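> If you scroll down you'll find the structure; I have some questions about it.
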Amino acid sequence: MFVIDWFYGVLASLGLWQKEAKILFLGLDNAGKTTLLHMLKDERLVQHQPTQHPTSEELSIGKIKFKAFDLGGHQIARRVWKDYYAKVDAVVYLVDAYDKERFAESKKELDALLSDESLATVPFLILGNKIDIPYAASEDELRYHLGLSNFTTGKGKVDLVGSNVRPLEVFMCSIVRKMGYGEGFKWLSQYIK
């Protein structure tokens, strides 16, 4: 319950009380999207089959509701991502920090998302997952391979109002160890309108 209570407290303290948000969970297959969604929903770690069809979960934490869409990350599932861009409030893009051979593929998909006009003002939280595995990429290494070294906006409370800059930041995490993603969501929550 600690993570849920903490998450609720963060959102409430940042003015997201009684708000609704639509958040897309995107990334290549096996990055941890479904695992994260279930961890946020009921703090359970379960083995999942690859997501074959888009799924959504309504998460209520206190009086805050958000609808999270897990669209799958395999090649065929990526074709429908665009169908979910309308009225999205944030994108959480997961990358398997251990699977360095797929960084180029992940960068290609992320670049397509970042250049899509319908997502031009949408905040992006990039989560480098699986840092609990030895030899997983560091944050700097992941930023470099995703081409984000000079494009992130800062981890603190950065006022971007009127700047025409899209909030975008990288956080490293281990969903199975329940670490790192909370800080990412805290950062993201300040930019959800």
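Each residue, glycine too, has its Cβ placed from N, Cα and C.
Since the structure is predicted, the reported quantities are computational estimates derived from the model, not experimental observations.
Reproduced below are the annotations present in Swiss-Prot:
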BINDING   Asp29, Asp70  Mg(2+) binding site
BINDING   Asn30, Ala31, Gly32, Lys33, Thr34, Thr35, Asn129, Lys130, Asp132, Ile175  GDP binding site
BINDING   Asn30, Gly32, Lys33, Thr34, Thr35, Asn129, Lys130, Asp132, Ile175  GTP binding site
REGION    10-14  region 'Mediates recruitment to ER membranes'
> Over all shown protein chains, what is the count of other CB atoms within 10 A of the CB belonging to Ile175 (GTP binding site)?
25
> Count the other Cβ atoms sitting within 10 Å of the Cβ of Thr35 (GTP binding site), across every protein chain shown.
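If we count other Cβ atoms within 10 Å of Thr35 (GTP binding site), we arrive at 20.
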> Determine, to the nearest whole angstrom, how far the Cα atom of Ile175 (GTP binding site) is from the Cα atom of Asn129 (GDP binding site).
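Pair distance, Cα basis, whole Å: 7 Å.
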> According to DSSP, does Asn129 (GDP binding site) fall in a helix, a strand, or coil?
strand
> Widest Cα span across the GDP binders Asn30, Ala31, Gly32, Lys33, Thr34, Thr35, Asn129, Lys130, Asp132, Ile175, in Å?
18
> Tell me which of the binding-site residues Lys33, Lys130 sits in the most Cβ-dense spot, judged by other Cβ atoms within 10 Å.
Lys33
> Taking the Cα of Lys130 (GTP binding site) as the centre, which of the binding-site residues listed as Asp29, Gly32, Thr34 lie within 10 Å of it?
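So the list reads Gly32.
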> For Asp29 (Mg(2+) binding site), what is the tally of other C-beta atoms lying within 10 angstroms of its C-beta?
15
> Go through Asn30, Thr34, Asn129, our binding-site residues, and report the one whose Cβ sees the most other Cβ atoms within 10 Å.
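Of Asn30, Thr34, Asn129, the one with the most crowded Cβ is Asn129.
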> If one measures from the C-alpha of Asp29 (Mg(2+) binding site) to the C-alpha of Asn129 (GDP binding site), what distance in angstrom results, rounded to a whole number?
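Rounded to the nearest whole number, the Cα-Cα distance is 12 Å.
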> Non-local Cβ contacts of Asp132 (GDP binding site) (under 8 Å, 6 or more apart, same chain)?
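Residues satisfying the criterion: Ser174, Val176, Arg177.
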